[in-house]
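Engineer: Here it is: the structure, laid out below.
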Amino acid sequence: MAISRRSMMLGTAAGGAAALTLAACGGDDGGSGGGSGAGGGSGEPIYANTTEPENPLIPTNTGEVGGGRIVTMLFAGLVYYTADGSAENDIAESIESEDNQNWTITIREGLTYSDGSTPITAQDFVDAWNFGANAANAQIGQYFFEPFEGYEELSAEDVAEDATLSGLEVVDDLTFTARLVSPQSDFPTRLGYSAYMPLPPSAFDDIEAYGESPLANGPYILESWSHDTELVLVPNEHYDGPRAPQNSGITFTVYQDPETLYLDLQSDNVDVVDQLPGSALATFEDDLGDRAVNDPGAVFQSITLPGYDKNFEGEAGTLRRRAISRAIDRQSICDNLFFGTRTPATDFVSPVVPGGGATDIPGSEVLEFDEAEAKKLWDEAEAITPFEGPLTLAYNSDGPHADWVEAVCNSLSNVLGIDAQPTPFAAFGEMREQIRARELQGTWRSGWQADYPSAYNFLGPLYGSAAADGNGSNDGDYKNPDFDQLLSDGLAAETEEEAIALWKEAEALLMRDLPVLPLWYQNTIGGYSTLVSDVEYGWDTVPLYHQVTK
Amino acid sequence: MLWYIGRRLLQMIPVFLGATLIVYLMAFYTSGDPILALAGDKPISPAVEQQLREQYNLDKPVLVQWLIYLKNVLTFDLGVGFNGRPIMDQIAAAFPTTARLAIIAVVIETLFGVIAGVISGLRKGKLIDTTLLMLSLLLIATPTFVLGFLAQFVFGLQLGIAPINVGRDPSWVNLLLPGFVLGGVSFAYVLRLTRTSIAETAEADHVRTATAKGLSRGGVVSKHILRNSLIPVLTFIGADLGALMGGAIVTERVFNVPGIGTLLFSSIISGESPMIVSLVTLLVIIFLLSNLVVDLLYGVLDPRIRYAK
């Protein structure tokens, strides 16, 4: 998914950009579920920050961090993600395939929703996925069903409301099969994403009303939701799984301004925080000491140089892309503007997912700052076809981007001797509209937050030909058959190591062609109060709330 | 009198139509494509996009959208926001909090502003007058968010006597500090207006006559000076009530108050035209109504002003 609109707006320093949590401390800790009730904690709930969920809490219609963190606590999917980003079974007994294309999924026996009487069945998964995939229901997460057979039919403009995915079949109460359009070796890893949660039969009676107070199967129950103010979650005593709550509940408070949030954190009014104001970036590690969190996260930031811009076409274009990349001093911007809360990129995949943060991709020296080399490359490009300036770098000023965009443009002007201009858009939607219509001239800032911890999620949706021309998130319309081939070879690979090796080869092609210039990975930043312990943040920058003790 | 009120109320209709049309056009042309913003950087299939556009009437020309909006206003059903909740419900939930905040601010600015203004006006040129004038200048010159953060830092973090985050429980007591901050700038204006007016009236002939008749100082001040000086102050306060509700955007953000200001800010960010228009219209109506009340109060303060016809 990507950095959602709301997180861009609020994320002055946006540690809190993450899409989803699903994670846990591996293993079974203490007061495990299965009816043992309120987990290990008692008394005061954990207080945490959130933004108001943008939609009712329907898993397939939740694509932003505010709703995602709640949905992940309320629902349990087939798998969940541990802090290091590996996928473990949550309610799945097994997820098996011989060819990475035809999958058989079995769920554990005897599980129920939080009412204790509605059993969780294979049919619930199939119904929920069919609902999400059917365009008539206009779910934001609809594209997550793209890998399934029958997705094309369900994406037609006038699809019948009861049409279903031909690739899904119920075998018995606990087993169902999924047929994909092509092999996808990371399919089980995806299933921890919120779009793949099960829904009880009663959900479909009135889905909007259901989203206000969902009957779900996760570690927590939604006790109350005062819109724009707070959401109160209490442990679900019928949850029997690896994410048993270690506290007596979580109260999420909606914060409008990260400054207020930070003051509340300093006075112990809020316990676990994953967002900081820009003004605290320089000082929060001193202010909070051991309670400060600052580690690389699953957010990748870049500048897109569109393939349809004449300046970036052909041989001159390739040279020019390299020249611009080498004229940006990533380290200095990360240190001076972001106070070390960004990590300079060495590849196209965030270091928190397996195979990401690689430093051995051939051609990756193009990401290193070198004024002389930049100037030389630019002059070579000029000798072939002259640049038609000025060079514009568009960004949305409702997010925290003005400073670094200014810095990058200054650097380009100084090093290359060209006219580089920051081009602000007042609203994110305004910029998206122009990108979508392919009307935005020049370059623009872009970002990506992984939906699930797989290197493929940083590559396929962004640079694959299938996602170009408005069919996905390949906004620069990068097309390279060799790259596509390596991507799909990786998906068909038998082991993860094999897949990663192939995807690294694909990344080497990106280093050569530079459809986007990698800038930096956004760190998980945040902190916690003096009242709590066992605080850990997931691969996706969201805290693992269930294991926090107070 | 009733005729006058009726005429004033009828005048609101064209103002309402004009205001909603202008705001609708502005929201439509400035905020970009709300559906794309809703999806973020994520892909969205054309079928889903089409479905959403139809759902929010975004596939129709802007004038048609406005007419649909007007029709909705007449039926008291403003439709559903992007977050799936009825717009009416959202406004109804946020309004009482902001109204409370604005009432606190108005009471504070009126009470303290008039008292300080009277003291200042009667002691023109003295130390206390100069001090109050300096204080008011300082308040006017300080941006509200600075004042807010300062108050939050001192009373919330350092002294711990006021909540930093009011959102959890926006009760009257908890809203006192934000109310003070919101009313701060207006307090300075009320002080200055009252002071000037009082100082002028204090030298008027009828005041000298009243004093000469042997009336007590208190009687002279309250009956002969203050009453005659309040008209400009009242005009300001009336106009300020609407401004305060709009100006709450900053204060509500600082203190995390879930009110109209917060709602307006987030709907502007997401380009949610029906919500923006409804909120702005609400503010316009409050503004018009409070102006009407002020005009009626003129007659009470100064019987020479009559609206009968």
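Each Cβ is built from the backbone N, Cα and C atoms, and glycine gets one as well.
Relevant sequence annotations retrieved from TrEMBL are reproduced here:
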type: TRANSMEM; residues: B:12-29; note: transmembrane segment
type: DOMAIN; residues: B:95-298; note: domain 'ABC transmembrane type-1'
type: TRANSMEM; residues: B:101-120; note: transmembrane segment
type: TRANSMEM; residues: B:132-155; note: transmembrane segment
type: TRANSMEM; residues: B:175-191; note: transmembrane segment
type: TRANSMEM; residues: B:233-255; note: transmembrane segment
type: TRANSMEM; residues: B:275-301; note: transmembrane segment
Engineer: Most CB pairs under 8 Å with the transmembrane segment (B:12-29): which of B:101-120, B:132-155, B:175-191, B:233-255, B:275-301?
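Structural biologist: By Cβ pairs under 8 Å, B:275-301 leads among B:101-120, B:132-155, B:175-191, B:233-255, B:275-301.
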Engineer: Which sequence positions outside the transmembrane segment (B:275-301), separated from its termini by at least 6 residues, show Cβ-Cβ distances below 8 Å to it?
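Structural biologist: Residues 5, 8-9, 12, 15-16, 19-20, 23-24, 27, 69, 73, 78, 81, 87, 90-91, 95, 227-228, 230-231, 234-235, 237-239, 241-243, 245-246, 260, 263-264, 267-268, 307.
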Engineer: Grab the same-chain neighbours of the transmembrane segment (B:233-255) for me: Cβ-Cβ under 8 Å, and only residues 6 or more beyond its ends, written as numbers and ranges.
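Structural biologist: The answer is 98-99, 101-102, 105-106, 109-110, 113-114, 117, 144-145, 148-149, 152, 164-167, 177-178, 181-183, 186, 189-190, 193-194, 197, 261-262, 264-265, 283-284, 286-287, 290-291, 293-294, 297-298, 301.
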Engineer: Give the nonlocal contacts of the transmembrane segment (B:101-120) in its own chain as ranges (CB under 8 Å, at least six residues past its ends).
Structural biologist: 128-129, 132-133, 172, 175-176, 178-180, 182-183, 186-195, 197-198, 221, 226, 230, 233, 237, 240-241, 244-245, 248, 251-252, 257, 259
